[in-house]
Amino acid sequence: MTPSASVFETVSNTLWILTPELFLLAVASVMMTLCAFVTWPRAVWATIAGSALLACLPILLITSNVTLPDYAASILNDPLAFWSRLGLLGTGLILTILAADRIEHAKSGEFFGSLLMIQTGVMLTASANDLALLFLGLELVSIPTYLLLFLGRRSDVEREAATKYFLLSLFSSAVLLFGMAYLYGLTGVSNLRAIGGLLSDPAALPGGSAGATLGIVALVFVVGGLGFRLASVPFHFYAPDVYQGTATILTALLSWIPKAVGVLALIRLVIGTLGFAPELRDPGIILGFVVAVGTLTVGNFLALAQTNLKRLMAYSSISHAGYLMVGLTAAFVDGSAGRQVTGVEAMLVYLGAYGVTTLGFFAGLLALTPPHPGRPTPANLPPPDAQGPVVIDDLAGLARSRPGVALGLAACLVSLAGLPPTLGFLGKFEVFAAAIAAGGRLESRAFVTLVAIAALNAAIGAYYYLRLIVAMYLRDPIRPSAADFDASTATPTPPVNLGACSMLTVCALASVFLGLAPNWLTGPSSSAALGVRTLPPPPPVVVTEDQPTLTRNVPVPSMPAPVAVSTPRSDETSVVATSADKEL
């Protein structure tokens, strides 16, 4: 096959694999263009968005067997990309159903178009194999999120939350881009697999000890930039105010999408690239240890003092980022030991457990909140979110008035607390097991200490989650919620939100079923994790016409220093080819 034919095949296969993302992006663009000229009910826009997500499922299955060369393509079609994109389509559909009756008619086109763009960005991040494409995926998530937050602004608190998220997101993107620049300057390539191959051979990097120092700087900036999306310490302080100051449907989106894209970017950029460098193992473990302990402690202890439900879930989200950082810390040892990956698998299992249960909890809150009327709320009336549960006392006695919703919320809260037999227990078990296994490989007590701290924080987290269950089942109602009464008759008439109730049921059942049948989640997670830490064989290098095809031991197409390559000749001699002799 000629080089031009190989390039054409790579490009065509890349576009074919990216068909779901390109399709969602096209639909989102059409929706956001049409909404400037037509005014359709929000049900129409929600149906279009949901249909687009469903249409991507068969496309994803059809393209799952298409292969690409790791060192030439800008995306990967490995198990991590497939299973992540499949799960993201499912959660995107849940968010679409939850938002179907929560947006004004006039703003619904922009809302659902932005939601599809966010979905495109997070799916693109899951399969990215290039620094530029990875950053593009992250920004496709961030920029539409700004729009969604500003679409919902109504009060000064909402404007403050949107502005705070916007400014801090810009800062985190700059930090991440700075780390990527160091990484590119260190290796001279942007392909993630090629960077991993270079970092795995320290002798191939220029600068000696200076190169290792640059690698540490890149690691710190990359983890810091992605830490904003996970809401990990020290980039956590925006979460409580932003969660409290936005509509409940946007809080649900912020609790899941940024964390999902942050974890996928960490796996691709940190574990699947920087994790191959032997010199970065110990700095990575130290950095992960410090961030994990700080995030767990801050999130759980500050959550104890919260009475507002959204602020409570914000600090809860921070603590869950700490457990993910425990998995990241263990993953550095997985790679250096060259054994079966457990750290990455634990991160994926925990991320799936967190996504299902968190979306289920917010679906329960939305089931107790009156739907948006579809028109702008008069200034003298509270917004619909203010008529639903706001503080813990609003859930008191819920098991009597809404037993089905209370049961679904209880299942999700038990899972968030990490109690058996739910999915949350499986996630925490995987994280703890990965950390203990990492400590055994290094014969270090540091990981035992990390697990002990995480277990203590898990007990604290269980307390404030169970406090909500106690309020629902063991306390009398303190005051009636506005959602439970008809103002015209002053009689209890609990509204039935079919979309939110159905999603609460799905998430609650999934949290219990997957906890009892863990292979449904651990199997795909293990398959996805195994490919992250395995470098494929180096690619062949095509040289000039008077020389045969050579294979080089360094897995990149070009190197700044001469590389010795032995080639059989008729006179059984060898020649030394430099990088200049082997220009493609």
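In case you wondered, yes, glycine gets a Cβ from its N, Cα and C as well.
Curation plays no part in TrEMBL annotations; they are all automatic predictions.
What you are looking at is a predicted structure, and each value in this text was computed from that prediction instead of being measured.
Listed in TrEMBL:
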| type | residues | note |
| --- | --- | --- |
| DOMAIN | 128-448 | domain 'NADH:quinone oxidoreductase/Mrp antiporter transmembrane' |
| REGION | 546-584 | region 'Disordered' |
| TRANSMEM | 15-37 | transmembrane segment |
| TRANSMEM | 44-62 | transmembrane segment |
| TRANSMEM | 82-99 | transmembrane segment |
| TRANSMEM | 134-153 | transmembrane segment |
| TRANSMEM | 165-184 | transmembrane segment |
| TRANSMEM | 204-228 | transmembrane segment |
| TRANSMEM | 249-271 | transmembrane segment |
| TRANSMEM | 283-305 | transmembrane segment |
| TRANSMEM | 312-333 | transmembrane segment |
| TRANSMEM | 348-368 | transmembrane segment |
| TRANSMEM | 405-426 | transmembrane segment |
| TRANSMEM | 446-466 | transmembrane segment |
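Counted as Cβ pairs under 8 Å, contacts with the transmembrane segment (446-466) are highest for 312-333 among 15-37, 134-153, 165-184, 312-333, 348-368. Taking every listed stretch (82-99, 134-153, 249-271, 283-305) in turn, the largest tally of C-beta pairs under 8 A with the transmembrane segment (312-333) is reached by 283-305. Here the transmembrane segment (82-99) has Cβ contacts under 8 Å with residues 20, 46, 49-50, 53-54, 56-57, 60, 64, 111-112, 115, 119, 122-123, 126-127, 249, 252-253, 256, 260, 264, 348, 352, 355, 359, 362-363, 366, 499-500, 502-503, 506-507, 524-525, 527-528 of the same chain, all six or more residues outside its ends. Here the listed stretches are 249-271, 283-305, 348-368, 405-426, and the one with the most C-beta pairs under 8 angstroms to the transmembrane segment (134-153) is 249-271. Beyond the transmembrane segment (405-426), the same-chain residues lying 6 or more positions past its ends with a Cβ under 8 Å from any Cβ of the stretch are 316, 349, 352-354, 356-358, 360-361, 363-364, 367-368, 395, 398-399, 458, 461-462, 465-466, 468-469, 472-473, 501, 504-505, 507-512, 514-516, 518, 521-522.
Within the same chain, residues 216, 219-220, 223, 227, 232-234, 236, 270, 274-275, 312, 315-323, 325-326, 328-329, 332-333, 446, 450, 453-454, 457, 460-461, 463-464 sit at least 6 positions outside the transmembrane segment (283-305) and bring their C-beta atoms closer than 8 Å to a C-beta of that stretch. With a cut-off of 8 Å between Cβ atoms, the residues of this chain six or more beyond the transmembrane segment (348-368) that come close are 80, 83-84, 87, 91, 94-95, 98, 102, 248-249, 251-252, 255-256, 259-260, 263, 267, 309, 313, 317, 320, 323-324, 327, 388-389, 398, 402, 405, 408-409, 411-413, 415-416, 422-424, 426-428, 430-431, 481, 483, 497, 500-501, 503-504, 506-508, 510-511, 514, 521-522, 524-525, 528-529.
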